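Let me begin by presenting the structure, written as structure tokens, before commenting on it.
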Amino acid sequence: MARATALPPSRLSPPTLPLLPLLLLLLRETGAQDVRVRVAAEVRGRLGDTVELPCHLLPPAPEVRVSQVTWLRPDAPEGSQNVAVFHPTYGPSFPSPQPGKERLSFVSAGQSTGAGQGTEMELRDATLALRGLTVEDEGNYTCDFATFPRGTSRGVTWLRVIAKPQNDAKAQEVTLSLEPVPVARCVSSGGRPPARVSWLSSLDGETKETQTSGPLPGTVTVTSRFILVPLGRADGVEITCKVEHESFEEPDLKPVILSVRYPPEVSISGYDDNWYIGRSEATLNCDVRSKPEPTGYDWSTTSGVFPASAVAQGPKLIVHSVDRLFNTTFICTVTNAVGTGHAEQMVLVRETPNTAGAGATGGIIGGIIAAIIATAVAATGILICRQQKKEQRLQGAEEEEDLEGPPSYKPPTPKAKLEEPEMPSQLFTLGASEHSPLKTPYFDAGVSCTEQEMPRYHELPTLEERSGPLLLGATSLGSPILVPPGPPAVERVSLDLEEEEEEEDYLDKINPIYDALSYSSPSDSYQGKGFVMSRAMYV
């Protein structure tokens, strides 16, 4: 050290001394930036409840030690105040009388490090609890963390104090008038901030709102009145008071039934324009709408003469027998606590019953009945038509399925065509019996061949028998026919064969199955067969 101090000043580097404090300052600022405080920007608490102001040190690095935590209120009425202080060695303290240690507390207090002499508490969660919230507690609160070696970090929280209002709505009974008056009132008491009040109504009215101090300091009471011209039609109408406040999850709706007092509104019913001399049990009714209820009814006439056969029973006038004195105007007067109302009904007495009116009434009734019957008939017809169309559609669908599906019958298996060598063109003809319907041969084993008629066979003529007569097979209905030789027979056989070919062509066209089941040539049909069978059996 002596040598170092003995060195001349010129041997020391001039920039070295200013850089050391600058480096320490940079390290301190960097550490301060790394340490952060997490707080809530705004906290809402209800009046009289307990609220917590969260404050946490981030990140909780092991090398960072908390020297002290302080809660301040910079905008207090008396100036900036230290509300609460926590020291790792000395613990919590609450220097300010308001809110005071009776209402304040730290929610949690760190962990024990065991370093140095004694036990020190490090506080990294400085959440502050405030009980019995009052309006005066509303304001800004600052949470300061003093750390080593990073320095001081802080966060600011705004504490809002709210109060849930109590709401009530009632109708104000009013009397009929031509001037607008309040007919309903809605009160939202003790809200902080003031509640928002509005009206939902189908009536054309106005609202008037006033604000006064609430039951607790710092609260507000809002009174809203619904104003309109009270008429009789407004009585019994429902309107709704709607109250909105930030403490409500949804608006509070208060229904109100209006009450308007008005004098009687009177009308007379029961006259059917068919009062004739001698009619009995006629009635007039005095119909009234009023609030409050009527207190008295009075029947009179404009002529001043009241018929003796008419009896007044409250709102009814019962006539036992109509005479000429009823040819006047009747008056019904009704009174209640608000006022009086009346109505008039002129009566025309006829000499004979008014059949036109009865006919008109009967016609109306008959028309209604006829309309009902016509409607029923039309509905029935529509239902029947729909049912028929449905059945036709079902029947058509079944027919289409039958046409598209396989045939319902199974044709017999066609017999294989026999391939035979060509035979000499021996022409022959059949008798007229060929065109007779064939019958199934019947054989009886108990009868000899001589007794029963055996089926007649035929044989094709051989080459040796060309010159001789041809024996043609006949059906069971005829006998064999001898055909003399010669050109005429050949010509006749040729003509018959051509006709037979034309008939086969015609059958092939009208029924393709016939071709498949038939033999390829006339000779095939007889070769190797015992008797003649018509081809029509295969069709």
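Cβ coordinates are placed from backbone N, Cα and C, and glycine is handled just like the others.
A TrEMBL annotation is a machine prediction, not a hand-curated record.
What you see is a predicted model, and the numbers here were worked out from it, not measured in a lab.
Per TrEMBL, the features are as follows:
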type	residues	note
DOMAIN	15-143	domain 'Ig-like'
DOMAIN	165-254	domain 'Ig-like'
DOMAIN	264-349	domain 'Ig-like'
REGION	394-419	region 'Disordered'
SIGNAL	1-32	signal peptide
TRANSMEM	364-385	transmembrane segment
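In this model, the domain 'Ig-like' (165-254) carries an average pLDDT of 95. Summarised by DSSP class, the composition of the domain 'Ig-like' (264-349) is 3 helix, 47 strand, 36 coil.
DSSP places the residues of the domain 'Ig-like' (165-254) in helix, strand and coil in these numbers: 3 helix, 52 strand, 35 coil.
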